[in-house]
């Protein structure tokens with residue numbers, strides 16, 4: 001289960017985050033600037049999270065394997081469409097929409113399934129699964145750069161499309177089939193996990209808005225950090241290497257921070273990652289050379305890794321797992337809004353005022369979002385009571401626990 005989710009997110013987000021490796025060549029071939037090309041990244045990321053509002057509830061009904069299989073097919077198709085593109089609009093359609101929609105159909109169903117399988121070690125399991133994003137971020141851009149030294153970006157897209165199809169198909173087959181039963185847990189944990197979810201609750205609304213604000217700084221470095229490095233005079237290879245450092249940092253964050261969170265508290269750790277991630281943007285804003293940018297990339301990557309790994313667990317701890325796909329699907333739409341707005345806005349603002357002021361503004365938004373999520377409330381069931389027992393993974397809302405009384409999750 002965890003391995004399947006790992007492979008799926010590695011294939012999907014590896015394709016999305018490899019954008020920076022191709023941006024300059026695509027801009028040159030289609031006669032546009034980097035602001036226009038940055039919309040590719042915004043479109044792919046936003047569509048990924050927007051479609052989660054559909055893929056999450058669908059996975060609650062039919063299990064994660066079907067939507068994940070469809071999603072990985074769309075990722076491969078999107079890369080192949082982009083490889084044959086004759087206009088920038090076709091790049092938007094393939095590398096933007098199709099890859100984004102495909103990743104969204106795989107990501108939330110896979111991560112929601114992991115939340116259902118684990119309770120006491122939910123943070124670690126979620127971190128291992130989400131580390132596929134970090135591995136994809138660390139490996140795919142350097143691989144793209146290596147291929148671009150031999151063939152053009154079109155051939156590289158085609159190669160990556162075939163690879164994404166193969167890796168994603170294996171990952172989808174490792175996910176749970178519908179109809180398996182879940183682990184036995186304590187009465188309090190069962191009550192929380194089986195409680196009905198209502199998206200109109202004020203706590204969820206506050207969490208959604210807070211996640212939106214936190215996601216503003218979380219979306220920016222993969223899209224814009226290499227551009228900042230180039231503006232400061234770093235060579236192309238060194239600038240793209242910053243993305244690899246973010247990926248390496250995020251792998252460590254997903255494993256180490258997520259594992260520690262199960263001991264010291266997932267909520268506390270999650271909020272710490274959110275605050276630290278926003279604060280770390282001060283290094284980016286103050287950077288005048290490679291050393292500061294490299295330090296920022298590693299620190300930000302680790303904290304972003306913790307944020308991405310623990311957000312699904314935070315949602316499951318707070319609102320239960322009975323409708324985990326729906327909870328995460330709706331929550332992730334806030335990240336879609338951030339991805340659609342933040343990178344183009346920063347690119348435009350940086351073109352006028354430089355990178356420092358817009359980056360600091362994003363950091364302030366992230367801090368406000370952290371405060372909002374922190375004030376939203378606490379789960380009604382302590383994380384320590386979520387003790388696991390023998391069993392497999394529940395299929396979602398069809399799974400019921402006899403005698404468990406629904407409890408308000410906040």
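From the backbone N, Cα and C atoms, a Cβ is placed for every residue, glycine too.
Listed in TrEMBL for this protein:
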{"type": "DOMAIN", "residues": "1-378", "note": "domain 'Major facilitator superfamily (MFS) profile'"}
{"type": "TRANSMEM", "residues": "39-59", "note": "transmembrane segment"}
{"type": "TRANSMEM", "residues": "66-86", "note": "transmembrane segment"}
{"type": "TRANSMEM", "residues": "92-112", "note": "transmembrane segment"}
{"type": "TRANSMEM", "residues": "124-144", "note": "transmembrane segment"}
{"type": "TRANSMEM", "residues": "156-175", "note": "transmembrane segment"}
{"type": "TRANSMEM", "residues": "203-220", "note": "transmembrane segment"}
{"type": "TRANSMEM", "residues": "240-257", "note": "transmembrane segment"}
{"type": "TRANSMEM", "residues": "269-287", "note": "transmembrane segment"}
{"type": "TRANSMEM", "residues": "293-315", "note": "transmembrane segment"}
{"type": "TRANSMEM", "residues": "327-350", "note": "transmembrane segment"}
{"type": "TRANSMEM", "residues": "356-374", "note": "transmembrane segment"}
{"type": "REGION", "residues": "382-410", "note": "region 'Disordered'"}
With Cβ distances under 8 Å as the criterion, find the stretch in 39-59, 156-175, 203-220, 240-257 that has the most pairs with the transmembrane segment (92-112).
-> 39-59
Stretch in 39-59, 124-144, 327-350, 356-374 most in contact with the transmembrane segment (66-86), if contact is a CB pair under 8 A = 39-59
Touch test for the transmembrane segment (327-350) and the transmembrane segment (39-59), at least 3 Cβ pairs under 8 Å | yes
Whole-number mean of pLDDT values that fall within the domain 'Major facilitator superfamily (MFS) profile' (1-378) = 85
Determine which residues of the chain contact the transmembrane segment (240-257) at the Cβ level, with the cut-off under 8 Å and only residues 6 or more beyond its ends counted.
-> 17, 20-21, 127-128, 130-131, 133-139, 141-142, 145, 221-222, 225-226, 229, 269, 273, 293-294, 297-306, 308-310
Is the transmembrane segment (124-144) in contact with the transmembrane segment (203-220), using three or more Cβ pairs under 8 angstroms as the rule and ignoring pairs under 6 apart in sequence?
-> no
Which residues, given as numbers and ranges, are at least 6 beyond the ends of the transmembrane segment (39-59) yet have a Cβ under 8 Å from it?
-> 12, 15-16, 19-20, 23, 26, 66-67, 71, 91-92, 95-97, 99-101, 103-109, 112-113, 219, 222-223, 323-330, 332-337, 339-344, 396
What same-chain residues lie close to the transmembrane segment (124-144): Cβ under 8 Å, and 6 or more beyond its ends?
-> 2, 5-15, 17-18, 20-22, 110-111, 114-115, 117-118, 156, 160, 222, 240-241, 243-244, 246-251, 253-255, 257-259, 261-262, 301, 305-306, 308-310, 312-313
